[in-house]
Amino acid sequence: LFFLFFTISFSGETRYNKDKILQGQGVDEPLSATGFRQADAAGLFLSNVKFTHVFSSDLLRAKQTAAAILGKNRFCKDLEIKYDARLRERKYGVAEGRPLADLKAMAKEAGEQCPSFTPSGGETLDEVRERARDFFEFLCQLAIELEQKEHCKPGAPGRSLGTSGEQFVFPWTNHCSEAEPSSEGSGSSMVLDANILVVSHGAYMRNWIGYFVSDLNCTLPANLTKSQLSSVSPNTGVSNFIIKLENGNLLKPQIMCVCLNQDSHL
């Protein structure tokens, strides 16, 4: 059982991004004119990818980014976007709506380093990672249920990865692994049960990727540096993961990062 998992790891730019002001969850700014252009560019970049599901943070900047991306898609303009609070940006408590410099000053006063410092009323990194883990397990369960439904249909052949060129177009050009799902050694085509677009936020996705790498032993592109792995994605940066659930085993997903924080569309 394979499913592809795409993420836009950061919504488009807002004026608060530009002014280096923390938004977190409490500041719900719309995209700026630049942010809308970025979202449209990401949509064009992914326009030939046929998604089965789209999930977005329920914060406005992510919702607008997801809508702009789908609006450019050749195959799924009318696909329902499902909003989920588990995809919200990290909560920064008293630091929200204040300059990033203030957060750094708070951390210094507490004798800690950003980004591990948690301001009063904010989320710890462990709490953010727990949200990410919970949502990822939900996605895995979704893929398993889809696969089971497909196999229960009389005479259903399943959804083969195939080579049609319509549903599975991989536009990655840099920071990418050459590996893609294959049926080598399996005797038959592997089944792609879900092709999921997730639109979220930078600090949240950095923690999610950390969970993939440290807890689930995600395979990374060979040319990826440590600084690239730990850095926050640019606005509308695209990351792509392939997840394999052997025999529907939720406990041991095999994860391969094909592309991290891809920004060639910007």
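Here the Cβ of each residue, glycine as well, is placed from N, Cα and C on the backbone.
The substrate binding site annotation in TrEMBL covers ARG61, GLU89, ARG90, LYS91, TYR92. Cβ-based neighbour count (10 Å, all protein chains) for ARG61 (substrate binding site) stands at 29.
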Close in space, distant in sequence - LYS91 (substrate binding site), Cβ under 8 Å, 6 or more apart: GLY24, GLN25, GLY26, GLY121, GLY122, GLU123
Sorted by sequence, non-ARG61, GLU89, ARG90, LYS91, TYR92 residues with Cβ within 8 Å of centre, substrate: LEU22, GLN23, GLY24, GLN25, GLY26, LEU59, ARG88, GLU96, HIS201, ALA203, TYR204
